[in-house]
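Student: From TrEMBL, for reference:
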DOMAIN    11-498  domain 'Major facilitator superfamily (MFS) profile'
TRANSMEM  49-71  transmembrane segment
TRANSMEM  83-102  transmembrane segment
TRANSMEM  108-127  transmembrane segment
TRANSMEM  134-155  transmembrane segment
TRANSMEM  167-185  transmembrane segment
TRANSMEM  298-321  transmembrane segment
TRANSMEM  407-432  transmembrane segment
TRANSMEM  444-464  transmembrane segment
TRANSMEM  470-494  transmembrane segment
Amino acid sequence: MGHRPPVLLLCASVSLLGGLTFGYELAVISGALLPLQLDFGLSCLEQELLVGSLLLGALLASLVGGFLIDCYGRRRAILGSNVVLLAGSLILGLAGSLPWLLLGRSSVGFAISLSSMACCIYVSELVGPRQRGVLVSLYEVGITVGILFSYALNYVLAGSPWGWRHMFGWAAAPALLQSLGLLLLPADAQGTAAHQDLIPLQGGEASKPGLGKPRYTFLDLFKTLDSMRSRTVVGLGLVLFQQLTGQPNVLYYASTIFSSVGFHGGSSAVLASVGLGTVKVAATLTATGLVDRAGRRALLLSGCALMALSVSGIGLVSFAVSLDSGPSCLATSNATRQVDLPQSSGLLKGSSPPPVLRTGGDQGQLVLPATEGTKPHPVTTVSLGPALNAASPVSPGPILEHTLLCWSALVCMMVYVSAFSFGFGPVTWLVLSEIYPAEIRGRAFAFCSSFNWAANLLISLSFLDLIGAIGLAWTFLIYGLTAVLGLAFIYLLVPETKGQSLAEIEQQFQKNRFPLRYGHRQNPSSIQYHRLEVSSAS
């Protein structure tokens with residue numbers, strides 16, 4: 001297709017390393033939060049601020065990043081974001097107080113959000129339609145590998161003196177490698193074979209007399225001109241359903257969820273999270289191989305359907321688990337996070353008493369932590385029942401039933417993570433990088449990304465509060481219903497973009513199946529766009 005292998009290889013490395021940095025920074029706080037709490041004496045509110053500062057920085061980048069990407073170019077935006085990330089990592093590594101930690105995490109959040117937008121757009125424009133799906137999906141592969149790598153490194157460094165400084169500092173390595181790869185690639189699609197993919201769309205739009213390149217304003221995203229409103233509805237729908245189906249909570253609260261359905265003890269919960277990370281990597285690699293064969297719609301539809309079934313299954317299993325609201329986050333996390341951490345006896349010696357069994361009626365209750373850290377309170381507790389009561393006889397029937405429920409929850413969780421990782425995970429950002437004209441792609445991508453980060457923050461911060469109000473079972477059933485609505489949205493409104501040029505994607509939005517027209521008026525000019533179909537013969 002006119003690409004030299006080194007160019008494709010460099011594009012693949014840029015996409016993969018960008019995702020690796022993103023995933024690592026997103027998940028590293030789960031292991032760094034406990035030693036930070038012990039070193040700085042962080043309160044519940046301060047822990048929330050520290051974890052939420054990355055999301056707030058990312059939200060800020062999504063608000064202004066689109067203009068930076070469109071004005072200064074995709075490659076410069078990525079390089080600039082890497083400079084900010086290196087500065088943020090340095091601040092975190094040397095931080096001696098909470099304000100410096102907040103500044104460092106906010107800077108890192110800004111950097112990874114800006115880089116994620118620019119990287120997906122840059123790679124999608126630099127390569128042709130045949131390679132676009134695989135190379136953009138590699139970004140999601142990098143995210144999953146970065147998350148898994150952060151879990152593993154957190155486990156290794158848990159007992160090291162100042163281990164959290166090393167955790168934050170390792171993010172600089174993939175960012176530096178990505179910057180070196182970018183310097184060997186062209187600044188934009190001009191002069192590459194992929195640039196020919198842009199010409200038909202621009203030429204078709206610019207064919208009006210007296211016009212050169214079409215100039216879009218931000219408000220054009222909400223107008224019927226060139227089906228921009230339809231594109232915006234598709235973009236916003238994908239990012240919102242991606243978050244509202246509960247996906248952030250699997251990342252942030254995996255250990256808590258597994259503990260609440262019966263996987264007790266620190267090591268089992270951590271290993272459950274590592275297992276989810278491994279499954280996530282395998283599923284994303286599968287999606288990378290299928291996205292240009294099966295198509296975007298097929299992966300989205302199948303993934304969303306499996307998410308609806310599996311998350312509803314978790315909810316049904318959770319009906320058999322008795323849940324109650326626990327004590328404050330600080331006492332809980334100090335008491336529980338020390339259990340089964342490797343090499344941690346010196347770090348945590350004397351910091352807090354062991355996990356406390358609280359009595360509630362005739363059943364013992366073990367206080368469990370919100371281990372993944374986005375919102376440490378209120379904390380979920382699980383009724384252990386007579387299994388931990390040494391004075392009561394243990395019958396094999398309830399034990400077998402409890403074991404089956406635990407494994408059922410584990411299977412449902414694995415299916416859920418797999419379904420997200422070959423559906424919404426990689427395909428959402430791929431579709432967003434394909435459906436918008438190049439002149440406004442950065443701002444449109446950033447606009448949708450801002451809703452993504454805002455929904456991520458809302459869902460993550462409300463998860464444990466929602467559990468306290470309606471219970472874990474109903475929380476996941478609501479996520480299942482949301483996934484069903486997302487399935488209908490994808491089937492009715494999301495176009496197939498597999499192997500199509502930007503001009504052909506443009507034609508799909510001109511067909512009556514996809515545009516959303518509000519009110520009783522129908523834009524008659526849209527019918528005239530069908531004459532563009534003659535370009536498909538060429």
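Residue positions begin at 1 at the first shown residue.
Just so it is clear, glycine is given a Cβ too, placed from its N, Cα and C backbone atoms.
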Student: Which one of these stretches, 83-102, 108-127, 298-321, 407-432, has the most C-beta pairs shorter than 8 Å to the transmembrane segment (167-185)?
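Tutor: Comparing 83-102, 108-127, 298-321, 407-432: 83-102 has the most Cβ pairs near the transmembrane segment (167-185).
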Student: For the transmembrane segment (407-432), what are the same-chain contacts with Cβ under 8 Å, counting residues 6+ beyond its ends?
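Tutor: For the transmembrane segment (407-432), the list is 116, 120, 124, 132-133, 136-137, 139-141, 143-144, 234-235, 238-239, 241-242, 245, 247, 250, 254, 257-258, 261-263, 272, 275-276, 279-284, 286-288, 290-291, 296, 299-300, 302-307, 309-311, 313-314, 317-318, 444-445, 448, 494, 497.
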Student: Restricting to the same chain and to residues at least six past its boundaries, which positions have a Cβ under 8 Å from a Cβ of the transmembrane segment (83-102)?
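Tutor: Residues 21, 25, 36, 40, 42, 46, 49-50, 53, 108, 110-112, 114-115, 165, 168-169, 171-172, 175-176 contact the transmembrane segment (83-102) from elsewhere in the chain.
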Student: Can you say which of 49-71, 134-155, 444-464, 470-494 has the most Cβ pairs under 8 Å with the transmembrane segment (298-321)?
Tutor: 470-494
